[in-house]
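Have a look at the structure below, then the notes.
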Amino acid sequence: FNPCPYSDDTVKMIVLTRENKKYDFYTLDTIKNHNEFKDTITLKPHVFITHGFTSSATAENFVVMAKALLDKGNYLVILTDWRMAACTNEIAGLKLAYYPYAASNTRLVGNYIATVTKMLVQKYNVPMANIRLIGHSLGAHISGFAGKKVQELGLGKYPEIIGLDPAGPSFKSNDCSQRICETDANYVQIIHTSNRLGTERTLGTVDFYMNNGYNQPGCGLPIIGETCSHTRAVKYFTECIKHECCLIGVPKSKNPQPVSKCTRNECVCVGLNAKTYPKTGSFYVPVESKAPYCNNKGKII
C-alpha cells in the first residue's frame, strides 16, 4: 500500500521561457509540442526546479523563483511537478504520516529528471554544461538522485546542483548513495535553514548555514516556526537570483569574521555565481528578517 504512488505518468513538467510564460503541463511524450522544442537545438541555459513534500510546481515560492530567473537571464526553466507522489493531494491530517512514502519516491523522480536530461542532450543537443538543478527539501535529494543517474547513463555530471534545505528526516544519516551528495555534480551548493526539517550535516561542495542553519529571523518561535525556516531557503535563493552578491557567507568557525571584512578570496556569495569563488567548505551567513534579507549593505565581493 502506497497512498502516494509514483509512475512516470504522474510527473508533469511546466516549461517556461521569456517568450512563453504559460503554465501548461507537459509529459515526456508531449514536451516536443512546446515551441522551444520544435527545433532540434536549444541554446538556452536550462534550470530544473523541483519542489518537496506536499508541495507542487505551482506553489507561489517556485513561481516567484522561476520569474526571477527569467527576469535575470534567457533561461529555459523546467518546473518538475511530482505532487501526486509527494502526497500533496492527501487529506491534511494524514499527510505527515505519509512522509516516508513520499521520501521513498524521490529516487524514482530523480531518475525521471535524468531521463528528461538524456532527451535534452541527445535529441536537442543541449550540452550538459547548460543544465543546472535546483531542489527544495525532498526536491534537493531528487536532484541529487538525478545527478547520480545521469552519471550512470554516461552523460557526465551536471555543472551544478543547488539543494535548498535538503530534507533531514529519512536522509540525514544516509551515506552518499542514498541522499544528495557533493559528488552528484561538479559543484553542489547547499543552503541550510532548519535543523529539524533539514539537516546540519555538510552535504555539498559548499554548505551555507543561514543564521547558523536554524531558527530563521522573522520565523517566530523555534519548532513552531520550523516550516517557515525550512521554506525560507527558497526565498533566500530567489533574492540571490535577483540581487547579485546579496548574501555573503564567511568561513564557519567559532568566531566568524564580520561580513564587512570579507574579500573575494575567503568569502563566498550565495547564489548562481557561488561557484566562481575560490573557497569551498562551510560558511556562516547572517541574514535579515525581511526580504531581500541582504547582509552586505550593498557591498559586492
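Even glycines carry a Cβ here, placed using N, Cα and C.
A disulfide bond in Swiss-Prot ties Cys269 to one cysteine from Cys245, Cys246, Cys262, Cys294, and that cysteine is Cys245. Among Cys228, Cys240, Cys246, the one Swiss-Prot lists as the disulfide partner of Cys294 is Cys246. Sequence-distant contacts (6 or more apart, same chain, Cβ under 8 Å) of Cys267 (disulfide bond) comprise Ile248, Gly249, Val250, Pro251, Val259, Tyr277, Lys279, Phe283, Ile301. Residue pair Cys219 (disulfide bond) / Ser137 (active site, nucleophile) shows a Cα separation of 17 Å.
Each residue contributes its Cα atom, and for Cys245 (disulfide bond) and Cys294 (disulfide bond) those atoms are 9 Å apart.
Secondary structure at His230 (active site, charge relay system), taken from DSSP and collapsed to helix, strand or coil, is helix.
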